[in-house]
Amino acid sequence: DEAVFLRKKITLLRAFSLLIGSMVGSGIFISPKGVLKNSGSVGFSLVVWFACGLLSMFGALCYAELGTRITKSGGHYIYILETLGPLPSFLFLWAEFFAIRPANSAVVSLAFGRYMLEPFFAPCAAPVSAVKLVSLLGYYTVLTLNSWSVTWSARLQTALSIVKLLALALIIVPGMMLLAQGHTENFQDAFDRQSLVLDKLPLAFYAGMFAYSGWFQTGFVREELVRPERNIPLAVIVSVITVIVGYMLTNVSYYTVLGRQDVLASPAVAVSFVQRAFKSLISVVPVLVALSCFGTMNGGIFTFSRTLFVASREGQWPPLFSMIHIRRHTPLPSVMLMFPLVTAMVCIGDIYHLLNFFSFSRWLFIGLATLGLIVHRHRHPELHSPFKVPLFVPVFFTITCLFTVVMSFYSDPVNISIGCMVVLSGFPVYYLLIHRQMSSRCRSLFYYLTHKLQLLLEVVQQEIKTY
């Protein structure tokens, strides 16, 4: 009896929780090993962590301006479409669906499974098959929740954001206490230049930026935000500063308790930390870390489903995925689409190979999105934006992203080349299915299948536009 559309249910608190919940996840608990391994020393790894935080702030400010200039949901996709055109936006969508998002979700899911099982098998490592099974169960649970209710997904994100900050506090406090007592032996010769390998630095930045990734999430749900012109910049600035401070203190705590070799040898850094510093919490912290990963999975599904929803509405994805459940008011087809690819990557993937695999494509298109901000400013100087950053911020961020993408070919040519091929494979698909019109017979069959699936899933097109 009422109009079917996505409601504006994301307040400032929920926007802040979405950002915190997306950034503080598996990254800070698995990335310290990757950053240290590729930066070479404790001191340089801390520099990389701070540089990644500063770079994330620059990117977040650029996206905050894009979110106030462009009033549609969709994040990277809609920003590239509105500023650089349909071809690069489709290439992003193609890479996001087949590489970036499923690999990212698989990394977070595997971290969830590893930390959830760690207390039951310590001091031994959990069986790989058990980790993957629990990872998939966690992912499917979040998938079901996002299919069921937008409100409950948002409430869960708020609750888990508090859990994430509690997990960081349980690592930071004992580490700072030991540091105050004079335990600085692990910081001796922190900047060892002999261990620095410059061609591996892009991989260190990929690991660090993965831990910060999530600062762009409000752009994906722009149409569902309450007062977006005010709440997007406010939520972005507060959340990124909070995470930078938390991550720096967390890493200092790690190195205070664990030496360089201990971090490199640990499959789960946070668990090794607790085993050394806080044995009474050995079964608590891994569960809190697992819940943090659970919140990141929830935020990822919540936002990526909106990308597919908007792409379908813009005519670059099948129309079924711009439909909403008639009673739940959730984009059910878009939410459900990812689970086959995520399942496959969880079953066959390794965390660090997956991390390098999807990071190339992610940072390539984030760099293109901020390049689009520069183009949009030049094309529309008359457009008033309620939030505007200095020009050097998008210029510096874009150059850094694209330079890191180019350098990564020297660091990990195999995984980066695979990611590049996934992007390039979108060219023929675009020209065959999007640029050219389908034949009338194919179109009739396509709409017949869409109609049957629509009846099966009980979904309809959005009745009004909220942007």
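The backbone N, Cα and C atoms fix where each Cβ goes, and this holds for glycine too.
Heads up, TrEMBL stuff is auto-annotated, nobody curated it.
What TrEMBL says about this protein:
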type	residues	note
TRANSMEM	12-30	transmembrane segment
TRANSMEM	42-64	transmembrane segment
TRANSMEM	76-100	transmembrane segment
TRANSMEM	120-142	transmembrane segment
TRANSMEM	162-183	transmembrane segment
TRANSMEM	203-221	transmembrane segment
TRANSMEM	233-257	transmembrane segment
TRANSMEM	277-297	transmembrane segment
TRANSMEM	332-354	transmembrane segment
TRANSMEM	360-377	transmembrane segment
TRANSMEM	389-410	transmembrane segment
TRANSMEM	416-434	transmembrane segment
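Using a cut-off of 8 Å between Cβ atoms, the transmembrane segment (203-221) and the transmembrane segment (120-142) share fewer than three residue pairs, counting only pairs 6 or more apart in sequence. Between the transmembrane segment (389-410) and the stretches 12-30, 42-64, 76-100, 120-142, the greatest number of Cβ pairs separated by less than 8 Å involves 42-64. The transmembrane segment (360-377) makes no contact with the transmembrane segment (12-30): fewer than 3 of their CB pairs lie within 8 A, with pairs spaced 6 or more apart in sequence. For the transmembrane segment (42-64), the most Cβ-contacting stretch among 120-142, 162-183, 233-257 is 233-257 (pairs under 8 Å).
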